[in-house]
Amino acid sequence: MVKLKKGVKRGSSSSHPPAADQVDMTAWKNNGSTGADGARDYEAGETLAVGKEVEAAAAAPARPQWGSKYEFILSHIGCCIGLGNVWRFPYVCYKNGGGAFFIPYFICLVTAGIPIVFLEIAVGQYFATGGISCWDISPIFRGIGYGTTMMAGWLNVYYIVVLSWGVLYLYYTLAYAGSGSLPWSTCDNDWNTKYCSIPLLKRNNETALLGAELPTSSASPEIVVPKVDPTTEFWERHILKISSGINEVGEVQWQLALTLLMVWTICYFCIWKGVKSSGKVVYFTALFPYVMLIILFFRGVTLPNAWQGIAYYITPNFEKLGEPGVWVGAVTQVFFSYAIALGSLTALGSYNKFDYNCYKHSLALCACDSITSFIAGFVVFSVLGFMAGELGVDVKDVAEEGPGLAFIVYPKAAAQMPLGTLWAALFFVMLLFLGLDSQFVTMEGFFTAIMDIYPRIFRLKYSKEVFIFVMCFVWYLLGLTMITNGGMYVFELFDTYAASGMALLWTAFWECVCIGWFYGADRFYDDIQRMIGYRINPWMKYMWKYAGPIFTMSIMLFAIARSRPLTYNRVYTYPEWAQASGWLLALSSMISVPAYAIYRISRESGSVKERFRQAIRPAIEERPEAIAMKEKEALLKPETTNGGSR
């Protein structure tokens, strides 16, 4: 029994679940199908039966919540806006038709990206649970949660390695600040070979990259073709000390081992207290990269020849729209950028207050992510235009994506800029913070999923902190395989397969099927209405039921059909055993959906049909606020007889 108190507000600042005598029934509005003429209102102080579930939940330990809505917003920004916005989106856009790429990108965004982002957040918020147990809305699909958690685990191993490279680059940038040059701009270092040569553009009375005066000449500009660029040698021979292939593992690079340990230590202390600690950290880690991005944007667009590069970025090539690969690129980019199918969004949503408007939030944050990616393209291609102009080559000859852009192309461009040390330092600081919050939010999603299925264990004192420490240490040890001489080949293997587009698409397909067809899109719409107070536009449920599954499955099958043997740097082809290992990485998460479905059906009793029906029946505990509202709806709904309402 619940006694309604005067002045108690739905979604008050008290921790979830609220005490039983604080459940507010008066806040529910008559919307859609709820309520009817003749239904009497309930006044403050009136006693109302809301069921044993509410009272039982009220006695359970309170689930942590965000200190404010801004912590959730910034955590979501940190989760989705990461390295891919800077080093992947601009290149994918340029490669797939420039400005014309925004057409398939926007279509994929509307039909799959935004609906699935909202789906994941709303599921977490309504049921207040993590990425595994939330799929007990239809238990046969719990394998979705195991798959997303597996992918998050693999991602935690290799994504952070990029940050260790960035920290080391930042160290060398600052260490050489007093020398007047960057360490990758010269050929007189211990790691350089006799083949090292600096690309120079000879002009009248101009200086070379080293800062030496060139002879005065009236001759036309002439390009001196380098044998090996010093920036490439710094990356491959000094940072990576890369071997000739994955078979040559070599030794662990102690400098990278130290920087990797440092980054893991930072991540641990960012999340060791859960959202209580990570919610405070994101105020800096999510906002600071925007300051850096804005500074680099204005620096980039004011460089000589910057708009030559920007033209390559935004000039539309509509002929590309007829190529299937462009649509694959659009869907893959949306999924990578929005952190779909990793369980992180569900975990973030689970710490929201029940009545938080996650619908408007999802629309706004998806727009923010896409706008950030677009602006990052100006930052990247303005620098590429500048560098192409300095070297006298075409922009397409210097355009790269991924680690090649971050650790070869941009450092090379910074070496040619006035105050190059400053711009290099700002760039690597931005990369560090972009990656840092994406890393620890992904970790938060992993830990939330595990802890929510073993709540009794993690109620023990210090159990959470110890578990997080152990997992961070295990991930650190696994990450050491990626900072050996052959570590870059291992990194590329993980980056291609572990949390790949194929695995993400497969998981997102089953998420849409589960909500759209088994739990029920209309039923989920009712749940959403209880949270936010109104019924959202029906287009979203059609995306879950039809467009989402069709898009994800068709693109996944096409991607598999056009898959090619994995290569590194377009030169080295991975041996068959390595490629087989990559497919096993992908299958480690994909197999969980059918495997758990078979397991779940085998646990039930009766005929196959009866087992299936039992396996799809919801077996999840709702939040007390949701239960109370459902019972209020039932009481407000008029009883009907053969003669009509009475």
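Cβ atoms here come from the backbone N, Cα and C positions, even for glycine.
If you look up TrEMBL, you'll see 1-24 marked as region 'Disordered'. Here TrEMBL flags 72-90, 102-123, 144-172, 252-271, 283-307, 327-351, 363-388, 422-454, 466-491, 497-521, 542-561, 581-599 as transmembrane segment. As annotated by TrEMBL, Na(+) binding site applies to Gly78, Asn85, Ser337, Leu434, Asp437, Ser438. Per TrEMBL, the feature disulfide bond maps to Cys187-Cys196.
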Listed recorded positions (Cys196, Leu434), ranked by Cβ neighbours within 10 Å, top entry:
Leu434
Within 8 Å of the Cβ centre of Gly78, Asn85, Ser337, Leu434, Asp437, Ser438, which other residues of the chain have their Cβ, at the recorded Na(+) site?
Ile77, Cys79, Cys80, Ile81, Gly82, Leu83, Gly84, Pro289, Gly435
Mind checking which residues reach the transmembrane segment (497-521)? Cβ under 8 Å, same chain, six or more beyond either end.
112, 115-116, 119-120, 123, 135, 137-138, 140-141, 143-144, 147-148, 151-152, 154-155, 157-158, 328, 331-332, 335-336, 340-342, 541, 543-546, 548-549, 552-553, 555-556, 559-560, 582-583, 585-586, 589-590, 593, 616, 618
Hey, what's the Cβ neighbour count for Gly78 (Na(+) binding site) at 10 Å?
28
Distance from Cys187 (disulfide bond) back to Gly78 (Na(+) binding site), taken between C-alpha atoms, in Å:
38
Other C-beta atoms that fall within 10 angstroms of the C-beta of Asp437 (Na(+) binding site):
28
Go through the chain and flag residues at least 6 beyond the ends of the transmembrane segment (72-90) whose CB is under 8 A from any CB in it; none is fine as an answer.
66, 159, 162, 275, 278-279, 282-283, 285-287, 289, 313, 333, 336-339, 344-345, 348, 351-352, 356, 361, 365, 368-369, 372-374, 376-377, 379-381, 401-403, 405-406, 430-431, 434-435, 437-438, 441-442, 444
If we skip the immediate neighbours and take only residues 6+ beyond the ends of the transmembrane segment (542-561), which ones have a Cβ under 8 Å from one of its Cβ atoms?
108, 110-112, 115-116, 119, 324, 327-328, 331-332, 501-502, 505-506, 508-509, 512-513, 515-517, 521, 524
Tell me if the transmembrane segment (466-491) touches the transmembrane segment (422-454). I count contact as 3 or more CB pairs below 8 A, with pairs 6 or more residues apart.
yes
Determine which residues of the chain contact the transmembrane segment (363-388) at the Cβ level, with the cut-off under 8 Å and only residues 6 or more beyond its ends counted.
73, 76-77, 80-81, 85-87, 89-91, 93-94, 105, 109, 113-114, 117-118, 290, 293, 296-297, 300-301, 303-314, 337-338, 394-395, 397-399, 405, 409-410, 412-413, 416-417
Give the sequence-ordered list of residues that share a chain with Ser337 (Na(+) binding site), lie 6 or more positions from it, and have CB atoms under 8 Å from its CB.
Cys80, Gly84, Asn85, Arg88, Phe89, Asp369, Ser370, Ser373
Using DSSP reduced to three states, classify Gly78 (Na(+) binding site) as helix, strand or coil.
helix
What else in the chain is close to the transmembrane segment (466-491), if you only count residues 6 or more beyond its ends and a Cβ gap under 8 Å?
153, 156-158, 160-161, 164, 240-243, 245-253, 256-257, 260-261, 264, 267-268, 271-272, 443, 446-447, 450-451, 458, 568, 572, 574, 578
Can you tell me the three-state DSSP label for Cys187 (disulfide bond)?
coil
Distance from Asp437 (Na(+) binding site) back to Cys187 (disulfide bond), taken between C-alpha atoms, in Å:
36
List, by number or range, the same-chain residues at least 6 past the transmembrane segment (102-123) whose CB is under 8 A from its CB atoms?
93, 96, 134, 137, 321, 326-327, 329-331, 333-335, 338, 340-341, 343, 345-346, 348-349, 352, 358-359, 361-363, 365-366, 370, 508, 511-512, 515, 524, 527-528, 531, 540, 543-544, 547-548, 551-552
Report, as a single number, how many Cβ atoms besides its own are within 10 Å of the Cβ of Cys187 (disulfide bond).
19
